[in-house]
Amino acid sequence: MTNYPITYRLIKKEKHTGARLGEIITPHGTFPTPMFMPVGTQATVKTQSPEELKEIGSGIILSNTYHLWLRPGDELIARAGGLHKFMNWDQAILTDSGGFQVYSLADSRNITEEGVTFKNHLNGSKMFLSPEKAISIQNNLGSDIMMSFDECPQFYQPYDYVKKSIERTSRWAERGLKAHRRPHDQGLFGIVQGAGFEDLRRQSAADLVSMDFPGYSIGGLAVGESHAEMNAVLDFTTPLLPENKPRYLMGVGAPDSLIDGVIRGVDMFDCVLPTRIARNGTCMTSEGRLVVKNAKFAEDFTPLDHHCDCYTCQHYTRAYLRHLLKADETFGMRLTSYHNLYFLVNLMKQVRQAILDDNLLEFRQDFLERYGYNSSSRNF
């Protein structure tokens with residue numbers, strides 16, 4: 001049996017759904033699953049300190065290979081002792097491969113079998129990223145969980161294009177495995193692609209499972225498809241992945257999508273959504289989204305969320321938060337970001353309890369009604 005640096009321990013399956021309660025053991029600690037992972041693109045979760053993230057209960061955070069490669073450089077981070085020491089974070093770190101950022105640069109990239117040529121968004125210079133280079137960067141960063149280099153095709157791309165794309169992604173995954181210098185202390189995940197095509201998702205999953213990665217990611221979702229389309233892809237994709245390994249749905253952070261992903265057997269999620277919207281004054285609460293910058297909150301001396309135990313809600317009012325954000329004070333962004341991250345990490349804590357109690361579907365229904373989602377449009 002292979003000894004992986006990343007292992008998944010199943011604790012309990014929910015009786016009525018595909019949801020599973022577990023934990024993932026990494027070289028930098030163990031975290032419970034299902035788990036939402038805050039995103040620290042530039043080796044920092046915007047406006048939050050490592051101590052605050054630990055208070056929130058984030059046992060793992062995500063950093064971005066593409067951005068750290070460009071600035072300050074992966075070799076500099078390696079000389080600093082790796083990403084954990086560089087950013088003073090002693091818990092788990094996951095790095096993406098740079099594939100999604102390259103996907104985002106659709107107008108300035110060229111994909112070949114060797115890799116991707118694209119323009120550096122900082123200075124316009126020509127850059128080249130290959131499967132081997134993506135692995136080398138992540139080896140230098142020293143993350144606990146790494147991603148294979150993949151192409152993320154648009155969800156509505158033609159079948160023939162997506163077929164060629166997933167076959168190339170499988171070849172890239174194999175090249176990445178061979179290039180991986182630190183398999184003893186960094187777990188490399190394969191990324192299943194295939195847009196909305198069931199047979200292509202099946203082919204992609206079969207290719208990657210045969211390579212025996214320590215864990216698997218589901219990519220190519222949350223890129224413009226509907227909620228129902230995402231759920232349909234998860235319905236036929238998640239069962240293709242090994243039960244004894246972690247399953248990670250990339251780039252998903254809306255509360256309803258988190259719950260519906262868990263129902264389909266997903267263990268890990270990440271998204272910039274909670275911090276990005278927080279900086280503009282949009283806050284997630286138990287009764288739906290609240291835009292605290294709105295004028296109606298100017299003299300509202302109540303907490304953001306009456307049912308929230310986070311530091312922000314225990315100590316500050318909507319009126320004060322509105323004032324800070326209207327005055328462009330960084331402290332306001334810190335407080336709203338803290339709250340939104342706490343909200344999603346705590347939501348996953350509640351989901352884990354619902355799995356333990358075998359009442360996840362009831363929890364889902366109650367949450368959607370309170371949050372303001374139209375349940376009929378959120379069928380699963």
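Using N, Cα and C of the backbone, Cβ positions are placed for all residues, glycine too.
Here is what Swiss-Prot says about this protein:
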| type | residues | note |
| --- | --- | --- |
| ACT_SITE | Asp96 | active site, proton acceptor |
| ACT_SITE | Asp270 | active site, nucleophile |
| BINDING | Asp96, Ser97, Gly98, Gly99, Phe100, Asp150, Gln193, Gly220 | substrate binding site |
| BINDING | Cys308, Cys310, Cys313, His339 | Zn(2+) binding site |
| REGION | 251-257 | region 'RNA binding' |
| REGION | 275-279 | region 'RNA binding' |
Among Asp96, Asp150, Asp270, which are recorded positions, the residue with the most C-beta atoms within 10 angstroms of its C-beta: Asp150
Residues of the parent chain within Cβ reach of the region 'RNA binding' (251-257), under 8 Å, 6 or more residues beyond its termini: 36, 100, 221-223, 227, 230, 269-274, 284, 344, 347, 367-368, 371, 373, 378
Residue among binding-site residues Cys308, Cys313, His339 with Cα closest to the Cα of Ser97 (substrate binding site): His339
Tally of residues which DSSP labels helix, strand or coil - the region 'RNA binding' (275-279): 4 helix, 0 strand, 1 coil
Distance check against Asp150 (substrate binding site) for the binding-site residues Cys308, Cys310, Cys313, keeping those with Cα within 10 Å: none
Three-class DSSP secondary structure - Cys313 (Zn(2+) binding site): helix
Cα-nearest neighbour of Asp96 (active site, proton acceptor) within the listed recorded positions, Gln193, Gly220, Asp270, Cys313: Asp270
Binding-site residues (Gly98, Gly99, Gly220), the one with most neighbouring Cβ atoms at 10 Å: Gly220
Collapsed DSSP category at Asp270 (active site, nucleophile): strand
Cβ neighbours of His339 (Zn(2+) binding site) where a neighbour is any other Cβ within 10 Å: 26
